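Feature list (source: TrEMBL):
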- B:His74: heme binding site (BINDING)
- B:Tyr86: ubiquinone binding site (BINDING)
- B:20-42: transmembrane segment (TRANSMEM)
- B:62-82: transmembrane segment (TRANSMEM)
- B:102-123: transmembrane segment (TRANSMEM)
Amino acid sequence: MAKGPNVNWLPVKDDNRPVNLDLTKFHFPLPAITSILHRISGVLIFVGTAVLMWLLAESLSSEEGFQRVGEWLQSPIVKFIVWGILSGLLYHLIAGLRHLLMDAGIGETLEGGRRGAVLIIVFSVISILIAGVWVW
Amino acid sequence: MVSRVSGATNLGRNGLHDWVLQRFSAIVLAIYTLGLLGWFAVNPDFSYGAWRGLFDATWMKIATLAAIIALCAHAWIGMWTIATDYLTSLALGKAATFVRLLFQAGCVILIFTYLVWGVQILWGL
């Protein structure tokens, strides 16, 4: 039998059941992908909040500060960064709302889970495109 | 040992408490985000006066502070979840607990910075 990864930290030792915890070797179904994207987008907007708060502080500091933020937002790089943060925010929001629906017992079956994942992708792609049009 | 330390760095008293805090803060953040996006949609090409007027209103200051506090709780729970899922001894060996505590300390510093900075933006101008 192939030797599994080091699982000495598990409470059960000398267990010869096959172990495959190597995530890189799994084929991920869509619900798994939407789930990991929820986590990745969460980290992205946690860090991106610094950029948004900086823009907020500057834009509220004075009339000149407000103009400066307006000028920064003309730059393609800044536009791209803001669009990236907005995309993360929209995706996280949509996937989060779906979580709340599942907490309420909606879409909890295997088939419901797959449909929900497809809906997350559809709604987030649409809203991310709208956000892109708005930023540019 | 690992589970005991990971149980010490979560925000709530227990998993159920974290679960409720995460959902409650999520709802606050969703309402605030949708409200702000709605404001942008209704006021395209807004002026400094309109923008400043929005954040000068007491209800907006309170709503923004509520959103920042919700963000602090939400980020703490989310980052704890990710840290205890990925920064494990399976991935990092013996250094795992140290690396994870370092990562979480960094998260707490950033969360605290957001809170103080947010208060300063809202009331310190």
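Don't overthink the numbers, they just go from 1 along the chain as shown.
Quick reminder: no glycine exception, Cβ is built from N, Cα and C everywhere.
Predicted automatically and left uncurated, TrEMBL annotations should be read as such.
B:His74 (heme binding site) sits 18 Å from B:Tyr86 (ubiquinone binding site), taking the CA atoms of both as reference points. Looking at B:His74, B:Tyr86, the binding-site residues in this record, the fewest other C-beta atoms within 10 angstroms of the C-beta turn up around B:Tyr86.
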